[in-house]
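Have a look at the structure below before the remarks.
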Amino acid sequence: MNREIPALWRWLVVAAALTFIPSLFLPYVGEEAVYTITTLEMWHGHVWSNPMLYGTFYARPPFLNWVMMPFAWAFGAAHILVASRLVTALATLGTALVLHWAARGVGVGARQAWLAVLVFLSSDALLYHGWLAYADPVFSLLAFAAVACVVVAAKQERVALLWVAAACVFAAFLTKALTAYVFIGVAWLAVFVRHPSARATLLKPAALLSYAAALAAPLAWFHFNHSAGLGGHEGGAMVGDIAQKLLPPSVGAWLKQLVAFPFESFCRFLPLSALAAYALVRGRASAQSAGGRSWEATLGWIALVNFLPYWLAPQSSIRYVLPLYPLIAFYIAAILARGTARMERVATYAVAATIALKCIGLVVFPLYQAKHRGDAHAAAKELVALAGESPIYADDFTSATLCVVGNIDSVRWPAAPVTVPPAGAAQGWLLSRDANKPHTRVVKTVELGKERLVFLCLGRTCEQTGASGAVKD
């Protein structure tokens, strides 16, 4: 078999990367507006260490907002969603680069490393979760980079990479959550247990110092950044958020999760996951060549052990395991690389078909959104025209309202962003789901698909408008 890198593979990677460009301009999806709103509020209020949502503390670290800020400055507030999507798209492509580097770093050939990149860029990371303006793509890049640095540092006896891992895991924590330390901790233990020859590197004084720095960094953050409205208990709030997901809503829901989660994970890598499963069934001997105590198998164990808590947790989401996507892609590629030339060709065609599917989705998805989710941008422009220069408030944090508020903040910039109504607010406008607020009058009803919001005038503002109806007591 010709072991050179097929030119088609390189072009497929380029094509996959280019499909992220149209996704930058799609309307808000789900709760994407959380990070555009908090970034604009950070920019407007110059509160750089504690993200604010509707003027209240969001209780999340600010690293993603910091990364988004230069793009927001460059593109302007009107294009904050484009800026945030660009950050997440670059993070996903960066993850693909780190995957290639890690594969080569553990001794895998260039062909298999490229195949791993193709598997990753034909997964759910390409189709959906890799371009959404959530924290997950950036968190995944940093968490996986930390894991990759630990493994490559042990394999190549490069202690300096452990310091890079320490920086990456701290940045991952600042992006989203403390769970970044679980990912890297499992990786360290897997390498330590499975590769005795690497223990000397992992236990060098410089390595131990890097671990101490990595563990001390969050403690220092919590100590010095205790103004986030949580009374100095930000770490406890993070741990509590994790613990809450360990409480099942019901036994039936938990059992459903146990069955559905691995199946969904498998589907997120279709069709190549199915092709790899077929290869395992038809060629067990060739698949076993990746076993033993090889570094390839170690990456598989890291993925499996890290996957188990999210599988067994009563409340979980597929995007929580996004940092494991590169490891899963690596293992699928390892199976496919040991297959026949025909299997490689089928895998190549499957990647091309997935990229083509995304191109079709980029046309169909906006039409679906407009029909079933409404036009939040148009609604926001109408509300801004009604409100004029009066303050706008919101008291609802569901996705539909977030989408409208995100657009309002962009359209009204540099006016003050939307906040929750202050106590005793006597004028202004309120976006809500409750039409029976005291001292208000419904001026406009906003319908976004099946979602129904109301735009209310408050107090003296009602007297200044020509809207019909009595102000509620």
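First residue shown is number 1, and so on along the chain.
Quick reminder: no glycine exception, Cβ is built from N, Cα and C everywhere.
Heads up, TrEMBL stuff is auto-annotated, nobody curated it.
As recorded in TrEMBL, the features of this protein are as follows:
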- 7-29: transmembrane segment (TRANSMEM)
- 63-82: transmembrane segment (TRANSMEM)
- 89-107: transmembrane segment (TRANSMEM)
- 113-131: transmembrane segment (TRANSMEM)
- 138-154: transmembrane segment (TRANSMEM)
- 160-193: transmembrane segment (TRANSMEM)
- 205-224: transmembrane segment (TRANSMEM)
- 258-281: transmembrane segment (TRANSMEM)
- 293-312: transmembrane segment (TRANSMEM)
- 318-337: transmembrane segment (TRANSMEM)
- 349-368: transmembrane segment (TRANSMEM)
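When Cβ-Cβ distances under 8 Å to the transmembrane segment (113-131) are tallied for each of 138-154, 293-312, 318-337, the top count falls to 318-337. Packing against the transmembrane segment (349-368) from elsewhere in the chain are residues 8, 12, 15-16, 19, 22-23, 26-27, 118-119, 121-122, 126-127, 271-272, 275: each is 6 or more residues past its ends and has a CB under 8 Å from a CB in it. Same-chain residues lying 6 or more positions outside the transmembrane segment (318-337) and placing a CB less than 8 Å from one of its CB atoms are 95-96, 98-99, 102-103, 108-109, 111-112, 115-120, 123-125, 129, 134, 136-137, 139-140, 143-144, 147-148, 179-180, 183, 261, 264-265, 268-269, 272-273, 275-276, 279-280, 287, 290, 296, 299-300, 302-303, 306-307, 310, 343-344, 347. Panel annotation: around the transmembrane segment (293-312), residues 102, 106-108, 147, 151, 155, 182-183, 186-187, 190-191, 194-195, 258, 261-262, 265, 320-321, 323-324, 327-328, 330-331, 334 of the same chain, lying at least six beyond its termini, place a Cβ under 8 Å from a Cβ of the stretch.
Residues 13, 17, 20, 23-24, 113-114, 116-117, 120-121, 125-126, 130-131, 137-138, 140-141, 144-145, 148, 151-152, 155-156, 295-296, 299, 325-326, 329-330, 333 of the same chain, all 6+ positions outside the transmembrane segment (89-107), place their C-beta atoms under 8 angstroms from a C-beta of that stretch. The stretches the transmembrane segment (138-154) and the transmembrane segment (160-193) meet in space: the count of Cβ pairs below 8 angstroms, excluding pairs fewer than 6 apart in sequence, reaches at least three.
Listed as Cβ neighbours of the transmembrane segment (7-29) (distance under 8 Å, sequence separation of 6 or more from its ends, same chain) are residues 81-82, 85-86, 89, 92-93, 96, 114-115, 117-118, 121-122, 126, 130-132, 348, 351-352, 355, 358-359, 362, 365-366, 369-370, 373, 375-377, 402-403, 406-407.
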